[in-house]
Amino acid sequence: MGKGRAADLKYIEACARRIVQNSYGYKIVTEKSTVPVRAAESIRRIFDANTKPNLNLQVLSNPEFLAEGTAIKDLKNPDRVLIGGDETPEGQRAVRALCAVYEHWVPREKILTTNTWSSELSKLAANAFLAQRISSINSISALCEATGADIEEVATAIGMDQRIGNKFLKASVGFGGSCFQKDVLNLVYLCEALNLPEVARYWQQVIDMNDYQRRRFASRIIDSLFNTVTDKKIAILGFAFKKDTGDTRESSSIYISKYLMDEGAHLHIYDPKVPREQIVVDLSHPGVSEDDQVARLVTISKDPYEACDGAHAVVICTEWDMFKELDYERIHKKMLKPAFIFDGRRVLDGLHNELQTIGFQIETIGKKVSSKRIPYAPSGEIPKFSLQDLPNKKPRV
């Protein structure tokens, strides 16, 4: 069945019914959201079933390719504009009309026109390919840690190959956000529904690798702290899924926090944009925490220094620029010794020698830094967990 993977189109269906009820004459309906292939056909069927005299509705697919934190820039200077429509005279007329709107600020050569199904699938495929690149480089980061290679050097070397390019080759604790996991799982479900099991299994591995990277990072924290974090204070710096946004959907911080809470760690969490209420909501879901676990084990700190005061370890989960500028001598003085930093975003690259001189034990993604490190246990010791398996989230605060 499709629960947790298939796209929920109830709002699109409701919107289509409202449009047809309140529209007259000739209208172009543009589908902007990420939807499964042939969603436009579902919209058109609703229109046809509720048609009335003198009403002509044309449906176009025009997916947005905006990224959180750079949405205005992406809108003003897009890599491309994709418009899909019916291969009929009326459909092509609608496509030309929307092209004319974009041509006011987008060069015509950047406007790509396709049939509706190609446009819808292109959006899903684009997000799947981006997620795939992150999982691919994260898989190599595990190999780097095992061999002594540096994932940043490897990423630079392969990124200089023009056939590969250097975008989305930043190893980390894993990808999050509202799109990548949802869209890859939707693609998996679509392939299964179309009896393409080998293709479905291929794309499922993108999600499995992301889950593995999170579990592996949590295992590394636990094992480096002498194989237990029970009753130990751990500072979590960053809760948003990436910098320059307050969005926490599918954030790796939720998963890392869950694994550490399950081991009895006391978490002191700081993020410059995510409000306290949102952190509590995200960590209070059944399946993420039990009963009063959040009340007992989680403290929301007003600044990073408060979060780190008396901590056994600092865990960086979001690549906020401010974390590069912290006074780490001040932080080290207030921490228990040995003091650990686990850099899940590699924001402190270039500061490792300075931090080691201060006295920190450094653990980072895709590189061996600390000389005195206990090998971490296989990731299988931490069970798999997915927010997709949980009940619907509470309304965002």
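Yeah, the Cβs are placed from backbone N, Cα and C, and that goes for glycine too.
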* To do: Determine which of Arg108, Arg216, Arg220, Arg249 appears in TrEMBL for the same NAD(+) site as Ser33, Thr34, Glu68, Cys179, Phe180, Gln181, Lys182.
  => Arg249
* Asked: What average pLDDT does the predicted model assign to the domain 'UDP-glucose/GDP-mannose dehydrogenase C-terminal' (235-350)?
  -> 96
* **Residue with minimal Cβ packing [other Cβ atoms within 10 Å] among the binding-site residues Ala67, Leu124, Ala171** => Ala67
* **Spatial neighbours of Ser33 (NAD(+) binding site), counting only the binding-site residues Glu64, Ala67, Asn127, Ala171, Gly174, Phe241 and Cα distances within 10 Å** => Glu64
* Work through the binding-site residues one by one (Leu124, Ala171, Phe241) and name whichever has its CA nearest to the CA of Cys179 (NAD(+) binding site). => Leu124
